Amino acid sequence: MNNMEQSFTTIQEARQWASLFLKEHQREPGVADWLLEHHLNMSYTQLMAYGRDPFPHEKKDSFVADIYKHTETGIPVQHLIGEAEFYGRRFDVNADVLVPRPETEELVEGVLRFIEKNGLTSEYLKVVDLGTGSGAIACTLSLELEHMDVYATDISSQALGTATHNAHQLGAKVNFYQGDFLAPVAGEAIDIIVSNPPYISHAELKELSDTVVQFDPHLALFADAEGLAAYHTIVSQIKSYHLTPMLIACEIGHLQGESVKEIIETGLPGYHAEVRSDINGKPRMVFAYSKTSVKSPDY
Ligand code: SAM
Ligand code: GLN
């Protein structure tokens, strides 16, 4: 795949060439549009409207090179363009952070809905995002509900560098700390804990696509104890730091619902945990409510 002599001359022809090429190599054809938007600095609507315009000659080599690179290696398009969209905002991403996923937007949505349904939108709440990565969850919560006091932790100082940059770019007020999940905020009376921790078991490595295994940091993906280690740690920290959050909201692997529910309800008898499905009907979240402080989760 080193033939850079592509015959397209218009934007539309470039789009046709790229999507067909990607499809023929078992890659997502939609990647063509993302890369066109990025290289031509156009929106999707502009791409459609100006399809018959000539493809700028000086941009051809770099566009074609990115299509080849993605096809050959599976490098996520977000790494090629250096950013990912999450909850309608752009976050810088790189090899140090997990590319934020659409299912995690549903976790954030669930937390926001909980706050709204319980009439807490104007309360002064302390929220912590454990394993913040790019800062996607923490920054979104802080920007959606400005009065909240948002904390975020990660074990990776490199990830925190990217998260801090993203918070700054987006104008989000988040307090970042390095450390093991809740440890850096042990002394804070946290109201809401939200986390998308690593949850893939080491045995599942062979089932993951190259796009994930080769490019997302393994620290973000894999956890011991069949992928459940992070939930065990978080629950035992809640207990030993005597924290009494009203809500604990976690993303989970689709087969982990009952296990995570049990880890929470056994470790924290004052909580009722419930497994929730994403828009594709897959169980991907656990929401646990404090029996004493939440009268009606009502979601
Ligand atoms: N919250 C981001 C998101 O949803 O896109 C990133 C989630 S990623 C699946 C998990 C994150 O947890 C990674 O950034 C990883 O560095 C971090 N992590 C792993 N082990 C940790 C630990 N013991 N304490 C704190 N963070 C940890
Ligand atoms: N959802 C990610 C994936 O499927 C994994 C993220 C995680 O382990 N929290 O690759």
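Keep in mind that glycine also has a Cβ here, set from the backbone N, Cα and C atoms.
Per TrEMBL, the features are as follows:
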- Gly131, Thr132, Gly133, Ser134, Gly135, Asp154, Phe181, Asn196: S-adenosyl-L-methionine binding site (BINDING)
- Asn196, Pro197, Pro198, Tyr199: substrate binding site (BINDING)
- 13-82: domain 'Release factor glutamine methyltransferase N-terminal' (DOMAIN)
- 125-204: domain 'Methyltransferase small' (DOMAIN)
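Rounded to a whole value, the Cα-Cα separation of Phe181 (S-adenosyl-L-methionine binding site) and Pro197 (substrate binding site) is 9 Å. Taking Gly131, Gly133, Gly135, Asp154 as the binding-site residues under consideration, the smallest Cα distance to Tyr199 (substrate binding site) is found for Gly131. Across the domain 'Methyltransferase small' (125-204), the prediction's mean pLDDT works out to 97. In this structure the alpha carbons, written CA, of Thr132 (S-adenosyl-L-methionine binding site) and Pro197 (substrate binding site) are 8 Å apart. Taking H, G and I as helix, E and B as strand and the rest as coil, DSSP gives the domain 'Release factor glutamine methyltransferase N-terminal' (13-82) the counts 50 helix, 1 strand, 19 coil. Comparing the binding-site residues Gly135, Pro197, Pro198 by how many other C-beta atoms lie within 10 angstroms of each C-beta, the top residue is Gly135. Measuring Cα to Cα from Pro198 (substrate binding site), the binding-site residues that fall within 10 Å are Gly131, out of Gly131, Ser134, Gly135, Asp154. Figure note: comparing Cβ neighbours within 10 Å for the binding-site residues Gly131, Gly133, the maximum is reached by Gly133. You'll find the Cα of Asp154 (S-adenosyl-L-methionine binding site) roughly 10 Å from the Cα of Pro197 (substrate binding site).
Sequence-distant neighbours of Ser134 (S-adenosyl-L-methionine binding site) (same chain, six or more apart, CB under 8 Å from its CB) are Ala84, Phe86, Phe91, Asp92, Val93, Val97, Leu98, Val99, Pro100, Ala159, Thr162, Ala163, Asn166, listed in sequence order. As a summary of secondary structure, the domain 'Methyltransferase small' (125-204) carries 29 helix, 21 strand, 30 coil according to DSSP. In sequence order, Gly131, Ser195, Ile200, Ala220, Leu221, Ala223, Ala230, Cys250, Glu251 are the residues of the same chain, not among Asn196, Pro197, Pro198, Tyr199, whose CB sits within 8 A of the CB centroid for the substrate site. Pro198 are the binding-site residues among Gly133, Phe181, Pro198 whose C-beta comes within less than 6 Å of an atom of ligand 2, given in sequence order.
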